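**Student:** Below: one structure in structure tokens.
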Amino acid sequence: MAQKTFKVTADSGIHARPATVLVQTASKYDADVNLEYNGKTVNLKSIMGVMSLGIAKGAEITISASGADENDALNALEETMKSEGLGE
């Protein structure tokens, strides 16, 4: 399993549009991809799961991936977080 922690830098946190971008990126991979925030873990391929967390600016989130293409998935999600201005 591979994982990485990010600090959310987007002023609006992770709301509908950025959540959709993350879900679309995660869904391109076969690996199981999860997002953990505030003690709760959700499937990052589920828009409802991600939205239910209410992730605000300044939050620390951990994205983990497990499976054959886990490193590719995690690298793509890291790039998405940075390119979309969501986190670092």
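For all residues, glycine too, the Cβ spot is worked out from N, Cα and C.
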**Student:** From Ser46, Ser64, pick the one Swiss-Prot annotates as phosphoserine?
**Tutor:** Ser46
**Student:** Quickly, which of Ser12, Ser66 does Swiss-Prot have down as phosphoserine? Just give the residue.
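**Tutor:** When Swiss-Prot is consulted, phosphoserine appears for Ser12.
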**Student:** May I ask which residues of the same chain, at least 6 positions away in sequence, place their Cβ under 8 angstroms from the Cβ of His15 (active site, pros-phosphohistidine intermediate)?
**Tutor:** Met51
**Student:** Counting every protein chain present, what is the number of Cβ atoms, excluding its own, within 10 Å of the Cβ of Ser46 (phosphoserine)?
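**Tutor:** Taking every protein chain into account, the count is 17.
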